[in-house]
Amino acid sequence: IAKEVAKLLEMKAQLGGDEGKHKFVLKTPKGTRDYSPKQMAIRERVFNAIITCFKRHGAEVIDTPVFELKETLTGKYGEDSKLIYDLKDQGGELLSLRYDLTVPFARYLAMNKITNIKRYHIAKVYRRDNPAMTRGRYREFYQCDFDIAGQFDPMIPDAECLKIVHEILSDLQLGDFLIKVNDRRILDGMFAVCGVPDSKFRTICSSVDKLDKMPWEEVRSEMVGEKGLSPEAADHIGEYVQLHGGLDLIERLLQDPKLSQNKLAKEGLGDMKLLFEYLTLFGITGKISFDLSLARGLDYYTGVIFEAVLLQQENDHVEEPVSVGSVAGGGRYDGLVGMFDPKGRKVPCVGVSIGIERIFSILEQRVEASEEKIRTTETQVLVASAQKKLLEERLKLISELWDAGIKAEVLYKKNPKLLNQLQYCEDTGIPLVAIVGEQELKDGVVKLRVVATREEVNVRRESLVEEIRMRTSQ
(Lines of atoms letter the chains of each structure in order from A and count residues from 1; the text may use other names and numbers.)
(Lines give C-alpha, C1' and ligand atoms only; values in the text may rest on other atoms or scores of the structure.)
Protein backbone atom coordinates (compact mmCIF):
# COMPACT_ATOMS: atom_id res chain seq x y z
CA ILE A 1 0.00 0.00 0.00
CA ALA A 2 2.79 2.40 0.96
CA LYS A 3 4.33 1.85 -2.50
CA GLU A 4 1.03 2.61 -4.27
CA VAL A 5 0.47 5.71 -2.14
CA ALA A 6 3.98 6.95 -2.92
CA LYS A 7 3.29 6.39 -6.63
CA LEU A 8 0.02 8.33 -6.45
CA LEU A 9 1.65 11.17 -4.53
CA GLU A 10 4.38 11.37 -7.16
CA MET A 11 1.76 11.55 -9.91
CA LYS A 12 -0.06 14.29 -8.03
CA ALA A 13 3.16 16.27 -7.72
CA GLN A 14 3.72 15.97 -11.47
CA LEU A 15 0.19 17.20 -12.22
CA GLY A 16 0.85 20.21 -10.02
CA GLY A 17 -0.71 20.88 -6.65
CA ASP A 18 -3.34 23.39 -5.58
CA GLU A 19 -1.12 26.40 -6.16
CA GLY A 20 -2.66 26.88 -9.63
CA LYS A 21 -6.13 27.43 -8.21
CA HIS A 22 -6.00 31.21 -8.02
CA LYS A 23 -5.39 31.39 -11.77
CA PHE A 24 -8.89 30.14 -12.53
CA VAL A 25 -10.60 32.73 -14.72
CA LEU A 26 -14.17 33.63 -13.87
CA LYS A 27 -15.78 34.79 -17.11
CA THR A 28 -18.43 33.77 -19.60
CA PRO A 29 -17.12 32.45 -22.94
CA LYS A 30 -16.37 34.98 -25.67
CA GLY A 31 -19.51 36.30 -27.32
CA THR A 32 -21.88 35.22 -24.55
CA ARG A 33 -23.30 36.94 -21.48
CA ASP A 34 -25.22 36.35 -18.28
CA TYR A 35 -28.52 38.10 -17.68
CA SER A 36 -29.26 39.59 -14.28
CA PRO A 37 -32.78 39.54 -12.78
CA LYS A 38 -33.24 43.15 -13.91
CA GLN A 39 -32.18 42.33 -17.46
CA MET A 40 -34.41 39.27 -17.49
CA ALA A 41 -37.38 41.37 -16.37
CA ILE A 42 -36.90 43.62 -19.44
CA ARG A 43 -36.36 40.56 -21.67
CA GLU A 44 -39.55 38.92 -20.46
CA ARG A 45 -41.52 42.06 -21.28
CA VAL A 46 -40.17 41.95 -24.83
CA PHE A 47 -40.79 38.22 -25.25
CA ASN A 48 -44.34 38.59 -23.96
CA ALA A 49 -45.11 41.36 -26.44
CA ILE A 50 -43.76 39.26 -29.31
CA ILE A 51 -45.47 36.01 -28.29
CA THR A 52 -48.77 37.87 -27.79
CA CYS A 53 -48.52 39.16 -31.36
CA PHE A 54 -47.62 35.73 -32.82
CA LYS A 55 -50.59 34.18 -31.00
CA ARG A 56 -52.89 36.98 -32.14
CA HIS A 57 -52.09 35.86 -35.68
CA GLY A 58 -52.95 32.24 -34.94
CA ALA A 59 -49.49 30.66 -34.73
CA GLU A 60 -48.70 27.32 -33.10
CA VAL A 61 -45.37 26.77 -31.34
CA ILE A 62 -42.71 24.10 -31.99
CA ASP A 63 -39.25 23.29 -30.63
CA THR A 64 -36.27 21.49 -32.20
CA PRO A 65 -32.90 20.25 -30.85
CA VAL A 66 -30.12 22.75 -30.27
CA PHE A 67 -27.80 20.65 -32.46
CA GLU A 68 -28.52 19.13 -35.86
CA LEU A 69 -26.65 16.69 -38.08
CA LYS A 70 -23.87 18.68 -39.72
CA GLU A 71 -25.12 17.76 -43.20
CA THR A 72 -28.51 19.31 -42.40
CA LEU A 73 -26.89 22.72 -42.05
CA THR A 74 -24.19 22.66 -44.72
CA GLY A 75 -24.85 24.33 -48.02
CA LYS A 76 -27.81 26.39 -46.79
CA TYR A 77 -26.16 29.65 -45.76
CA GLY A 78 -23.87 30.66 -48.62
CA GLU A 79 -20.86 32.68 -47.51
CA ASP A 80 -21.93 32.48 -43.85
CA SER A 81 -21.38 28.72 -43.60
CA LYS A 82 -17.95 29.33 -42.08
CA LEU A 83 -19.71 30.63 -38.96
CA ILE A 84 -21.33 27.28 -38.12
CA TYR A 85 -20.19 25.74 -34.81
CA ASP A 86 -19.12 22.11 -35.32
CA LEU A 87 -19.21 19.80 -32.30
CA LYS A 88 -16.60 17.16 -31.51
CA ASP A 89 -17.58 13.71 -32.79
CA GLN A 90 -19.34 11.98 -29.90
CA GLY A 91 -20.28 8.54 -31.11
CA GLY A 92 -20.57 8.42 -34.84
CA GLU A 93 -22.71 11.43 -35.71
CA LEU A 94 -21.15 14.64 -36.98
CA LEU A 95 -23.14 17.42 -35.33
CA SER A 96 -23.28 21.21 -35.47
CA LEU A 97 -25.07 23.75 -33.30
CA ARG A 98 -28.04 25.31 -35.09
CA TYR A 99 -27.20 28.55 -36.87
CA ASP A 100 -30.78 29.78 -37.17
CA LEU A 101 -34.32 28.43 -36.68
CA THR A 102 -35.29 28.37 -40.36
CA VAL A 103 -33.24 25.41 -41.58
CA PRO A 104 -34.32 23.20 -38.62
CA PHE A 105 -37.93 24.24 -39.41
CA ALA A 106 -37.51 23.12 -43.02
CA ARG A 107 -35.98 19.83 -41.84
CA TYR A 108 -38.91 19.36 -39.45
CA LEU A 109 -41.47 19.93 -42.22
CA ALA A 110 -39.76 17.54 -44.64
CA MET A 111 -39.22 14.87 -41.98
CA ASN A 112 -42.85 14.93 -40.83
CA LYS A 113 -44.29 15.46 -44.33
CA ILE A 114 -46.04 18.65 -43.19
CA THR A 115 -47.26 20.82 -46.06
CA ASN A 116 -49.19 23.42 -44.12
CA ILE A 117 -48.41 25.11 -40.79
CA LYS A 118 -48.18 28.55 -39.19
CA ARG A 119 -45.70 28.37 -36.38
CA TYR A 120 -43.46 30.41 -34.14
CA HIS A 121 -40.27 29.28 -32.45
CA ILE A 122 -38.22 31.24 -29.92
CA ALA A 123 -34.86 29.72 -29.02
CA LYS A 124 -31.10 30.22 -28.88
CA VAL A 125 -28.91 29.89 -31.96
CA TYR A 126 -25.13 29.79 -32.30
CA ARG A 127 -22.67 31.54 -34.62
CA ARG A 128 -18.90 31.37 -34.50
CA ASP A 129 -18.73 35.06 -35.22
CA ASN A 130 -16.10 37.51 -34.06
CA PRO A 131 -18.64 39.24 -31.94
CA ALA A 132 -19.04 42.97 -31.54
CA MET A 133 -21.08 42.67 -28.36
CA THR A 134 -21.56 46.41 -28.09
CA ARG A 135 -23.73 46.29 -31.22
CA GLY A 136 -25.82 43.42 -29.90
CA ARG A 137 -23.92 40.72 -31.81
CA TYR A 138 -23.19 37.50 -29.94
CA ARG A 139 -22.12 33.92 -30.50
CA GLU A 140 -25.14 32.66 -28.59
CA PHE A 141 -28.36 34.58 -28.96
CA TYR A 142 -32.11 34.26 -29.20
CA GLN A 143 -34.12 34.29 -32.39
CA CYS A 144 -37.88 34.82 -32.52
CA ASP A 145 -39.26 33.35 -35.72
CA PHE A 146 -42.73 33.32 -37.23
CA ASP A 147 -43.29 31.36 -40.45
CA ILE A 148 -46.19 30.42 -42.69
CA ALA A 149 -45.73 27.25 -44.75
CA GLY A 150 -48.16 26.10 -47.42
CA GLN A 151 -49.48 26.68 -50.89
CA PHE A 152 -51.57 29.86 -50.83
CA ASP A 153 -52.55 32.68 -53.14
CA PRO A 154 -49.64 35.04 -53.74
CA MET A 155 -48.59 37.72 -51.27
CA ILE A 156 -51.33 37.26 -48.66
CA PRO A 157 -49.09 35.47 -46.11
CA ASP A 158 -46.19 37.76 -47.08
CA ALA A 159 -48.30 40.82 -46.28
CA GLU A 160 -49.25 39.34 -42.91
CA CYS A 161 -45.57 38.84 -42.01
CA LEU A 162 -44.93 42.54 -42.67
CA LYS A 163 -48.00 43.47 -40.62
CA ILE A 164 -46.60 41.40 -37.74
CA VAL A 165 -43.26 43.25 -37.86
CA HIS A 166 -45.16 46.54 -37.90
CA GLU A 167 -47.29 45.52 -34.89
CA ILE A 168 -44.34 44.34 -32.81
CA LEU A 169 -42.12 47.36 -33.48
CA SER A 170 -45.03 49.74 -32.79
CA ASP A 171 -45.93 47.88 -29.62
CA LEU A 172 -42.39 47.92 -28.20
CA GLN A 173 -42.18 51.69 -28.77
CA LEU A 174 -38.59 51.64 -30.01
CA GLY A 175 -39.01 54.88 -31.92
CA ASP A 176 -39.25 55.48 -35.65
CA PHE A 177 -38.65 52.51 -37.94
CA LEU A 178 -38.72 51.61 -41.62
CA ILE A 179 -39.39 48.24 -43.25
CA LYS A 180 -37.45 47.85 -46.49
CA VAL A 181 -38.88 45.39 -49.01
CA ASN A 182 -37.42 43.89 -52.17
CA ASP A 183 -37.67 40.62 -54.11
CA ARG A 184 -34.91 38.17 -54.98
CA ARG A 185 -36.42 37.80 -58.47
CA ILE A 186 -36.20 41.56 -59.08
CA LEU A 187 -32.55 41.46 -57.96
CA ASP A 188 -31.72 38.47 -60.15
CA GLY A 189 -33.51 40.03 -63.12
CA MET A 190 -31.67 43.28 -62.51
CA PHE A 191 -28.30 41.44 -62.38
CA ALA A 192 -29.18 39.69 -65.64
CA VAL A 193 -30.06 42.87 -67.55
CA CYS A 194 -26.98 44.60 -66.13
CA GLY A 195 -24.73 41.89 -67.55
CA VAL A 196 -23.73 39.97 -64.41
CA PRO A 197 -22.87 36.35 -65.34
CA ASP A 198 -25.09 33.69 -63.67
CA SER A 199 -22.19 32.26 -61.71
CA LYS A 200 -21.62 35.64 -60.00
CA PHE A 201 -25.26 36.33 -58.93
CA ARG A 202 -24.86 35.18 -55.33
CA THR A 203 -21.50 36.77 -54.64
CA ILE A 204 -22.58 40.10 -56.22
CA CYS A 205 -25.76 39.83 -54.17
CA SER A 206 -23.76 39.70 -50.95
CA SER A 207 -21.85 42.83 -52.06
CA VAL A 208 -25.10 44.71 -52.70
CA ASP A 209 -26.23 43.62 -49.22
CA LYS A 210 -23.44 45.77 -47.73
CA LEU A 211 -24.91 49.02 -49.10
CA ASP A 212 -26.52 49.83 -45.76
CA LYS A 213 -23.06 49.84 -44.14
CA MET A 214 -20.80 51.05 -46.96
CA PRO A 215 -21.08 53.80 -49.58
CA TRP A 216 -21.74 52.78 -53.21
CA GLU A 217 -18.13 53.60 -54.25
CA GLU A 218 -16.72 50.97 -51.86
CA VAL A 219 -19.30 48.36 -52.87
CA ARG A 220 -18.54 49.08 -56.53
CA SER A 221 -14.80 48.62 -56.05
CA GLU A 222 -15.42 45.33 -54.20
CA MET A 223 -17.53 44.08 -57.13
CA VAL A 224 -14.99 45.13 -59.73
CA GLY A 225 -11.72 44.63 -57.83
CA GLU A 226 -12.34 41.54 -55.70
CA LYS A 227 -15.16 39.81 -57.54
CA GLY A 228 -14.08 40.51 -61.13
CA LEU A 229 -17.24 42.20 -62.39
CA SER A 230 -16.91 44.49 -65.42
CA PRO A 231 -17.02 48.21 -64.52
CA GLU A 232 -19.92 48.72 -67.01
CA ALA A 233 -22.04 46.07 -65.27
CA ALA A 234 -21.23 47.60 -61.87
CA ASP A 235 -22.26 51.09 -63.01
CA HIS A 236 -25.43 49.64 -64.46
CA ILE A 237 -26.28 48.02 -61.11
CA GLY A 238 -25.53 51.34 -59.40
CA GLU A 239 -28.32 53.05 -61.33
CA TYR A 240 -30.87 50.60 -59.94
CA VAL A 241 -29.73 49.87 -56.38
CA GLN A 242 -29.92 53.50 -55.35
CA LEU A 243 -33.68 53.62 -56.04
CA HIS A 244 -36.30 53.35 -53.32
CA GLY A 245 -39.96 54.31 -53.05
CA GLY A 246 -43.47 52.85 -53.11
CA LEU A 247 -46.13 51.91 -55.64
CA ASP A 248 -45.02 54.73 -57.96
CA LEU A 249 -41.53 53.22 -58.24
CA ILE A 250 -42.97 49.74 -58.90
CA GLU A 251 -45.11 51.19 -61.72
CA ARG A 252 -42.10 52.99 -63.13
CA LEU A 253 -39.95 49.86 -63.14
CA LEU A 254 -42.76 47.83 -64.75
CA GLN A 255 -42.41 50.31 -67.65
CA ASP A 256 -38.59 50.14 -67.59
CA PRO A 257 -37.55 49.00 -71.12
CA LYS A 258 -34.82 46.65 -69.86
CA LEU A 259 -36.29 45.27 -66.61
CA SER A 260 -39.77 44.63 -68.04
CA GLN A 261 -38.20 42.40 -70.71
CA ASN A 262 -36.83 40.10 -68.00
CA LYS A 263 -39.25 37.35 -67.00
CA LEU A 264 -37.99 37.06 -63.40
CA ALA A 265 -37.98 40.79 -62.72
CA LYS A 266 -41.43 41.17 -64.24
CA GLU A 267 -42.86 38.42 -61.99
CA GLY A 268 -41.20 39.98 -58.96
CA LEU A 269 -42.49 43.46 -59.76
CA GLY A 270 -46.02 42.11 -60.38
CA ASP A 271 -46.02 40.45 -56.96
CA MET A 272 -44.51 43.54 -55.34
CA LYS A 273 -47.40 45.61 -56.71
CA LEU A 274 -49.89 43.11 -55.25
CA LEU A 275 -48.04 43.16 -51.92
CA PHE A 276 -48.27 46.96 -51.72
CA GLU A 277 -52.03 46.78 -52.43
CA TYR A 278 -52.48 44.45 -49.44
CA LEU A 279 -50.22 46.58 -47.25
CA THR A 280 -52.38 49.58 -48.14
CA LEU A 281 -55.43 47.65 -46.87
CA PHE A 282 -53.54 46.91 -43.63
CA GLY A 283 -52.80 50.65 -43.41
CA ILE A 284 -49.05 50.32 -42.93
CA THR A 285 -47.49 51.58 -46.19
CA GLY A 286 -46.28 54.73 -44.41
CA LYS A 287 -43.50 52.69 -42.79
CA ILE A 288 -42.65 50.55 -45.83
CA SER A 289 -40.14 51.29 -48.56
CA PHE A 290 -39.54 49.29 -51.74
CA ASP A 291 -35.74 49.38 -51.80
CA LEU A 292 -33.67 47.90 -54.63
CA SER A 293 -30.48 47.81 -52.56
CA LEU A 294 -31.93 45.32 -50.08
CA ALA A 295 -30.36 41.93 -50.79
CA ARG A 296 -30.16 39.93 -47.52
CA GLY A 297 -27.13 37.67 -47.59
CA LEU A 298 -28.73 34.25 -47.08
CA ASP A 299 -28.83 31.89 -50.03
CA TYR A 300 -32.21 30.32 -49.41
CA TYR A 301 -34.46 33.32 -50.21
CA THR A 302 -36.45 32.98 -53.45
CA GLY A 303 -39.00 35.83 -53.49
CA VAL A 304 -39.96 38.74 -51.29
CA ILE A 305 -37.28 39.79 -48.79
CA PHE A 306 -37.60 42.44 -46.10
CA GLU A 307 -35.71 44.05 -43.28
CA ALA A 308 -36.83 46.46 -40.57
CA VAL A 309 -34.44 49.17 -39.43
CA LEU A 310 -34.71 51.66 -36.60
CA LEU A 311 -34.26 55.29 -37.58
CA GLN A 312 -32.63 58.03 -35.62
CA GLN A 313 -32.99 61.72 -36.33
CA GLU A 314 -29.32 62.73 -35.96
CA ASN A 315 -30.26 66.41 -35.66
CA ASP A 316 -32.86 68.89 -36.90
CA HIS A 317 -30.88 69.90 -39.99
CA VAL A 318 -30.91 66.45 -41.60
CA GLU A 319 -33.93 65.58 -43.72
CA GLU A 320 -33.04 61.87 -44.04
CA PRO A 321 -33.19 59.93 -40.77
CA VAL A 322 -30.21 57.62 -40.21
CA SER A 323 -30.60 53.88 -39.77
CA VAL A 324 -29.27 52.49 -36.49
CA GLY A 325 -29.42 48.87 -37.50
CA SER A 326 -31.68 46.05 -38.44
CA VAL A 327 -34.19 44.76 -35.86
CA ALA A 328 -36.13 42.25 -37.97
CA GLY A 329 -35.77 40.50 -41.27
CA GLY A 330 -37.20 37.75 -43.37
CA GLY A 331 -38.56 36.70 -46.68
CA ARG A 332 -39.87 33.93 -48.86
CA TYR A 333 -37.93 30.69 -49.22
CA ASP A 334 -39.87 28.29 -51.44
CA GLY A 335 -37.03 25.87 -52.14
CA LEU A 336 -35.62 25.08 -48.69
CA VAL A 337 -37.99 22.29 -47.63
CA GLY A 338 -37.52 20.66 -51.04
CA MET A 339 -33.77 20.40 -50.33
CA PHE A 340 -34.59 17.97 -47.51
CA ASP A 341 -37.42 16.05 -49.14
CA PRO A 342 -36.22 12.79 -50.74
CA LYS A 343 -38.59 13.38 -53.68
CA GLY A 344 -37.78 17.10 -53.77
CA ARG A 345 -41.39 18.06 -52.98
CA LYS A 346 -41.51 21.78 -52.37
CA VAL A 347 -43.37 23.51 -49.55
CA PRO A 348 -43.59 27.28 -50.10
CA CYS A 349 -42.65 29.23 -46.97
CA VAL A 350 -42.44 32.83 -45.87
CA GLY A 351 -41.24 34.00 -42.49
CA VAL A 352 -39.86 36.72 -40.30
CA SER A 353 -37.26 36.79 -37.56
CA ILE A 354 -37.35 39.45 -34.84
CA GLY A 355 -33.88 40.64 -33.75
CA ILE A 356 -34.50 40.33 -30.07
CA GLU A 357 -30.91 41.03 -28.94
CA ARG A 358 -30.67 44.41 -30.62
CA ILE A 359 -34.14 45.39 -29.41
CA PHE A 360 -33.15 44.30 -25.94
CA SER A 361 -29.92 46.31 -25.88
CA ILE A 362 -31.84 49.42 -26.99
CA LEU A 363 -34.46 49.00 -24.24
CA GLU A 364 -31.76 48.25 -21.69
CA GLN A 365 -29.90 51.48 -22.53
CA ARG A 366 -33.17 53.36 -22.29
CA VAL A 367 -33.94 51.98 -18.82
CA GLU A 368 -30.38 52.82 -17.68
CA ALA A 369 -30.77 56.38 -18.95
CA SER A 370 -34.20 56.97 -17.42
CA GLU A 371 -33.29 55.32 -14.09
CA GLU A 372 -36.72 53.70 -14.18
CA LYS A 373 -37.07 51.19 -11.34
CA ILE A 374 -37.61 47.70 -12.71
CA ARG A 375 -39.27 45.14 -10.47
CA THR A 376 -37.60 41.75 -10.67
CA THR A 377 -40.26 39.84 -8.73
CA GLU A 378 -44.05 39.83 -8.88
CA THR A 379 -44.69 39.50 -5.15
CA GLN A 380 -48.00 41.10 -4.25
CA VAL A 381 -47.81 41.00 -0.46
CA LEU A 382 -45.33 40.46 2.35
CA VAL A 383 -46.67 38.64 5.39
CA ALA A 384 -45.25 40.45 8.41
CA SER A 385 -45.68 40.53 12.17
CA ALA A 386 -45.57 43.43 14.58
CA GLN A 387 -44.55 41.46 17.70
CA LYS A 388 -42.27 38.57 18.57
CA LYS A 389 -43.22 34.87 18.69
CA LEU A 390 -45.57 35.05 15.71
CA LEU A 391 -43.58 32.99 13.18
CA GLU A 392 -46.16 30.16 13.26
CA GLU A 393 -48.99 32.61 12.58
CA ARG A 394 -47.04 34.16 9.67
CA LEU A 395 -46.39 30.75 8.15
CA LYS A 396 -50.05 29.72 8.56
CA LEU A 397 -51.23 32.90 6.85
CA ILE A 398 -48.72 32.78 4.00
CA SER A 399 -49.66 29.18 3.30
CA GLU A 400 -53.32 30.22 2.99
CA LEU A 401 -52.31 32.97 0.56
CA TRP A 402 -50.10 30.67 -1.55
CA ASP A 403 -52.88 28.09 -1.74
CA ALA A 404 -55.21 30.81 -3.01
CA GLY A 405 -52.71 31.69 -5.76
CA ILE A 406 -51.48 34.94 -4.20
CA LYS A 407 -47.81 35.81 -4.78
CA ALA A 408 -46.50 36.26 -1.26
CA GLU A 409 -43.22 36.35 0.67
CA VAL A 410 -42.17 36.18 4.30
CA LEU A 411 -38.81 37.09 5.84
CA TYR A 412 -36.82 34.02 6.92
CA LYS A 413 -36.38 35.20 10.49
CA LYS A 414 -38.16 34.14 13.65
CA ASN A 415 -38.60 37.64 15.04
CA PRO A 416 -37.94 40.28 12.39
CA LYS A 417 -38.36 43.95 13.27
CA LEU A 418 -41.41 45.57 11.67
CA LEU A 419 -39.21 48.33 10.26
CA ASN A 420 -36.96 45.81 8.48
CA GLN A 421 -39.99 44.09 7.00
CA LEU A 422 -41.36 47.38 5.65
CA GLN A 423 -37.92 48.36 4.34
CA TYR A 424 -37.76 45.06 2.41
CA CYS A 425 -41.02 45.99 0.65
CA GLU A 426 -39.63 49.43 -0.24
CA ASP A 427 -36.46 47.87 -1.69
CA THR A 428 -38.18 45.21 -3.80
CA GLY A 429 -41.32 47.12 -4.77
CA ILE A 430 -43.81 44.87 -2.96
CA PRO A 431 -47.04 46.95 -2.84
CA LEU A 432 -48.80 45.44 0.22
CA VAL A 433 -47.98 44.16 3.70
CA ALA A 434 -50.29 41.82 5.61
CA ILE A 435 -49.52 42.31 9.30
CA VAL A 436 -50.51 39.80 11.96
CA GLY A 437 -50.39 40.88 15.61
CA GLU A 438 -51.90 39.52 18.85
CA GLN A 439 -54.85 41.90 18.78
CA GLU A 440 -55.57 41.17 15.10
CA LEU A 441 -55.53 37.41 15.79
CA LYS A 442 -58.05 37.88 18.63
CA ASP A 443 -60.32 39.96 16.36
CA GLY A 444 -60.00 37.58 13.40
CA VAL A 445 -58.59 40.31 11.14
CA VAL A 446 -55.36 41.10 9.33
CA LYS A 447 -53.95 44.62 9.07
CA LEU A 448 -53.33 45.37 5.37
CA ARG A 449 -50.86 48.18 4.76
CA VAL A 450 -50.34 49.94 1.43
CA VAL A 451 -46.57 50.48 1.21
CA ALA A 452 -46.69 53.58 -1.01
CA THR A 453 -49.28 55.60 0.97
CA ARG A 454 -48.79 53.95 4.41
CA GLU A 455 -52.57 53.69 4.67
CA GLU A 456 -53.72 50.75 6.84
CA VAL A 457 -57.04 48.89 6.94
CA ASN A 458 -58.26 45.96 8.98
CA VAL A 459 -59.55 43.18 6.74
CA ARG A 460 -61.47 40.11 7.93
CA ARG A 461 -59.29 37.04 7.52
CA GLU A 462 -61.79 35.37 5.17
CA SER A 463 -61.92 38.45 2.86
CA LEU A 464 -58.15 38.96 2.73
CA VAL A 465 -57.52 37.10 -0.53
CA GLU A 466 -60.29 39.03 -2.29
CA GLU A 467 -59.00 42.35 -0.95
CA ILE A 468 -55.40 41.64 -2.09
CA ARG A 469 -56.62 40.60 -5.54
CA MET A 470 -58.71 43.71 -5.87
CA ARG A 471 -55.91 46.06 -4.76
CA THR A 472 -53.19 44.49 -6.92
CA SER A 473 -55.33 44.26 -10.06
CA GLN A 474 -55.70 48.02 -10.29
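Using N, Cα and C of the backbone, Cβ positions are placed for all residues, glycine too.
What you see is a predicted model, and the numbers here were worked out from it, not measured in a lab.
Pulled from TrEMBL:
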DOMAIN    31-363  domain 'Aminoacyl-transfer RNA synthetases class-II family profile'
BINDING   ASP100, LEU101, THR102, ARG127, GLN143, ASP147, ARG296, TYR300, TYR301  L-histidine binding site
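Structure coloured by features recorded in TrEMBL.
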residue: ASP100; record: L-histidine binding site; Cβ neighbours (10 Å): 19
residue: THR102; record: L-histidine binding site; Cβ neighbours (10 Å): 25
residue: GLN143; record: L-histidine binding site; Cβ neighbours (10 Å): 19
residue: ARG296; record: L-histidine binding site; Cβ neighbours (10 Å): 22
residue: TYR301; record: L-histidine binding site; Cβ neighbours (10 Å): 23
